[in-house]
Amino acid sequence: MTSKAVVFAYHDIGCTGIEALLNAGYEIAAVFTHADDPRENTFYASVARLCAERGIPLHAPEDVNHPLWLERIRQLRPDFLFSFYYRRLLGAELLACAARGAYNLHGSLLPRYRGRAPANWVLVNGETQTGVTLHRMIERADAGPILAQQAVAIDPEDTALSLHGKLRKAAGALLRDSLPLLALGVLPEVEQDESQASHFGRRTPADGLLDWHRPARQLYDLVRAVTQPYPGAFCQVGEQKLIVWSAEVVAGNHGREPGSVLSCDPLRIACGEDSLVLRFGQRGERGLYLAGTQLATELGLVEGARLRGAASGPQRRTRVLILGVNGFIGNHLSERLLRDGRYEVHGMDIGSDAIERLKADPHFHFVEGDIGIHSEWLEYHVKKCDVVLPLVAIATPIEYTRNPLRVFELDFEENLRIVRYCVKYGKRVVFPSTSEVYGMCQDPDFDEDRSNLVVGPINKQRWIYSVSKQLLDRVIWAYGQQGLRFTLFRPFNWMGPRLDRLDSARIGSSRAITQLILHLVEGTPIRLVDGGAQKRCFTDVDDGIEALARIIDNRDGRCDGQIVNIGNPDNEASIRQLGEELLRQFEAHPLRAQFPPFAGFREVESRSFYGDGYQDVAHRKPSIDNARRLLDWQPTIELRETIGKTLDFFLHEALREREAQA
């Protein structure tokens, strides 16, 4: 019986995959591809032309996961879906359309080099072997079980183009051998080893910048990874751009400074280790393809001249503006960025008690102020800095019902002004969305790109925080379509030292664990709202801040235009369970004798605790596939450890308060 397939394909390897399916006797019901981008150098074969010649129905929708296309694909009743170098992720509903599964051909030996442009990345990293992998598709990109692999040797002279040719040939051989077995159902699957996984994002022309302080071998690998038909490696010669198409490594650099011209015939440049001969290149985007010696003449180079590239002088630190720098996330993040050594932090807040320890750092600049008042300072620093984090917000549930208009004014209106400054000055914004935007979503795991955002009726004012954040998420997304660089991150119940203050808990304006600790410290009953059955996934602040720091670092631009949940799905617990573990650790703490006896648990109704207009959520569990894929991040700290650190901090704070009042 003939197997029916729907194919998603682009590039040479898309053509290779289609030919292999036809040769293996598959019926191709339809092919989905991309319209060629006029800005891209399309050196590869055309899937559209192949399908036209073979009489195969062809489509190029903007969104293949759209319900209209999903229904059309379901009506085709495919046995298999295949993806051959298709550039968009296929969603879970689409993958489920295939009766016998969905399969992807990836251009590396998975689990290594997941993600984009693997052929370029393996060359940049100096690998000696890569290959192709046929694997089952799951929701997470390039992570499904492996069915077949074929290795490809990388020769020292290989470029991205020659390696692509090798991969195309290997793909043809792999599919020739595997597709008949897959149709028979006798091709075994092997789960990927996640401990060996690596992920790489898209490359841009800017990634070709030559840093002469690096070893010549690394620069040679960069040149061959991005040479024609790609944009090329480059550096600056005065005001002119020098694009390097071919190079070779020569031992030694005569002890000269990186970037120094050692000779003009051949054109030889000193590197951090050894030197690089520039064999062929061109001057500027429209220049002629020339030999290195003629390039030296055209550019006016002489022995001893210096070429400019990355890190040609002291590297300027990335300037990060943190508004709300004294808050829980702000102060922990500032500490992490300053420790990294690559950042300069500028911050504003209405207080500074949590950041006193940072003020002595010469790369930390703090101004006490209010974002609603100090608009000139705010606009100037958005213009001055590279990355902006507007962390100022009211984020405690009791305030949503007690001061809903203030929540809207601060969380939406004031932050919208900051976002518009980022648009005006072309600055990247990393915006704190919230797990609250998912509201009463019924999905078992909340997915950034697929889960519905569900809130209650208008008379339940607690949702004003959720919808204020959601509306700003949507505004930022819309600005992103016009060129704003952004990342939205959604924290899921981060906990740790300096989360709140006990004074805040005394007036009810704090997070759950601070409220529970206050009851233990003061010897009052722990109040469990509606019995404390609500479940949350608690995340250690150190885990959360590490993920956020990676978003700010934004390696290879992979976080641009993305939404990222930052939470720990393994640390799910009810509020009652949180209280019970807190009590257990409190009773065992060395400072236990300094505090009153435990007064028990008391169940209270949410209305009596939060007031009218409150509505709770039974569970809130994140999918962290985006964080794993984009950040190579996985939370590691168990809830018990986080509770212990948080409890210890607040018990010592309580004793300091007592001493101050004595």
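Even glycines carry a Cβ here, placed using N, Cα and C.
The NAD(+) site in Swiss-Prot is built from ASP370, ILE371 plus one of ASP340, ASP349, ASP443, namely ASP349.
Per-residue confidence over the region 'Formyltransferase ArnAFT' (1-307) averages out at a pLDDT of 93. The secondary structure of ARG536 (UDP-alpha-D-glucuronate binding site), as reduced to three states from DSSP, is extended strand. Highest local Cβ density among the recorded positions GLU139, GLU436 belongs to GLU436, counted as other Cβ atoms within 10 Å over all protein chains shown. Around ARG536 (UDP-alpha-D-glucuronate binding site), the same-chain residues six or more apart in sequence whose CB sits under 8 Å from its CB are PHE492, ASN493, ALA512, GLU572, ALA573, SER574, ILE575, LEU578, HIS619, ARG620, listed in sequence order. With a cut-off of 8 Å between CB atoms and residues at least 6 apart in sequence, the same chain places PHE446, ARG490, PRO491, PHE492, ASN493, ASN565, GLY567, ARG620, PRO622 near SER435 (UDP-alpha-D-glucuronate binding site), listed in sequence order.
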